[in-house]
Amino acid sequence: MSIVTPYEDLLRFVLETGTPKSDRTGTGTRSLFGQQMRYDLSAGFPLLTTKKVHFKSVAYELLWFLRGDSNIGWLHEHGVTIWDEWASDTGELGPIYGVQWRSWPAPSGEHIDQISAALDLLRTDPDSRRIIVSAWNVGEIERMALPPCHAFFQFYVADGRLSCQLYQRSADLFLGVPFNIASYALLTHMMAAQAGLSVGEFIWTGGDCHIYDNHVEQVRLQLSREPRPYPKLLLADRDSIFEYTYEDIVVKNYDPHPAIKAPVAV
């Protein structure tokens, strides 16, 4: 059986042809601009198999975003520490992803729940070209612990299938992007379930797609491994997208190669 490997193909392409660049963290990267990956979500759940991805962290982070939360306290209650490097002493991160998704400030003083608005359009006007959620709030970026890397996503319905395209302005290919692929694939499954649709494609579009210089050996190790079949996602029935719990999300037949550790560039 042929296994599609969009992520590994992009990783190899950047490793072999990327341009050396400096970066905000001072680590150094090799980078390409404007790359894309496509996954057919009906063919399997795109949780990478060439290294183990910590799916518990992926799922809890998405549930945390959907809560509209900006404090790592809830993540800590569930044993997830992936945001610790950027949080304040009190655990605050400012108006990051979840706040913008669920409570974008309007000029009137009210707040816009972009997730609910997107779901409403999927149900009532699925051919709309305006089913968009943005985390890139220019007026609040300075208050965010980290400006959004995965900044903007759009939903598209055709033949009863829901597809999602993400634009990621800054893509740490080795550490960050495997999480992002799984997270938005999971979100697409949730949105499809709530709108009575099947899943279509997840399309990832990257701006600055980079491999940090101190990740190169880990990348070479990952690319030396044979890919395995993708797992299957099972999602419990819930009346609202905001009611899902971690126990409602099950990944079956996930058989990855071992995890590969690498330092985070902060």
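For all residues, glycine too, the Cβ spot is worked out from N, Cα and C.
The DSSP secondary structure for ARG24 (dUMP binding site) is coil. If you draw a 10 Å sphere around the CB of ARG24 (dUMP binding site), it holds 8 other CB atoms from the protein chains shown. If you look up Swiss-Prot, you'll see ARG24, ARG129, ARG130, ARG169, SER170, ALA171, ASP172, ASN180, HIS210, ILE211, TYR212 marked as dUMP binding site, on the strength of experimental evidence.
Sequence-distant neighbours of ALA265 ((6R)-5,10-methylene-5,6,7,8-tetrahydrofolate binding site) (same chain, 6+ apart, CB under 8 A from its CB) are ASP23, THR25, THR27, ASP172, TYR212, ASN214. Annotation source Swiss-Prot lists (6R)-5,10-methylene-5,6,7,8-tetrahydrofolate binding site at HIS54, ASP172, ALA265, citing experimental evidence.
Residue environment of CYS149 (active site, nucleophile) contains 18 other Cβ atoms, counted within 10 Å of its Cβ in all protein chains. The annotation active site, nucleophile is assigned in Swiss-Prot to CYS149 on the grounds of sequence analysis.
There are 14 other CB atoms within 10 A of the CB of HIS54 ((6R)-5,10-methylene-5,6,7,8-tetrahydrofolate binding site), with all protein chains counted.
Residue pairs drawn from ARG24, ARG129, ARG130, ARG169, SER170, ALA171, ASP172, ASN180, HIS210, ILE211, TYR212, the listed dUMP binders, are separated by up to 36 Å at the Cα level.
Take the binding-site residues ARG130, HIS210: by the count of other Cβ atoms within 10 Å of each Cβ, the lowest one is ARG130. As a whole number, the greatest separation of Cα atoms within the (6R)-5,10-methylene-5,6,7,8-tetrahydrofolate-binding residue list HIS54, ASP172, ALA265 is 19 Å. For CYS149 (active site, nucleophile), the binding-site residues whose C-alpha atoms fall inside a 10 Å radius of its own C-alpha are SER170, out of ARG24, HIS54, ARG130, SER170.
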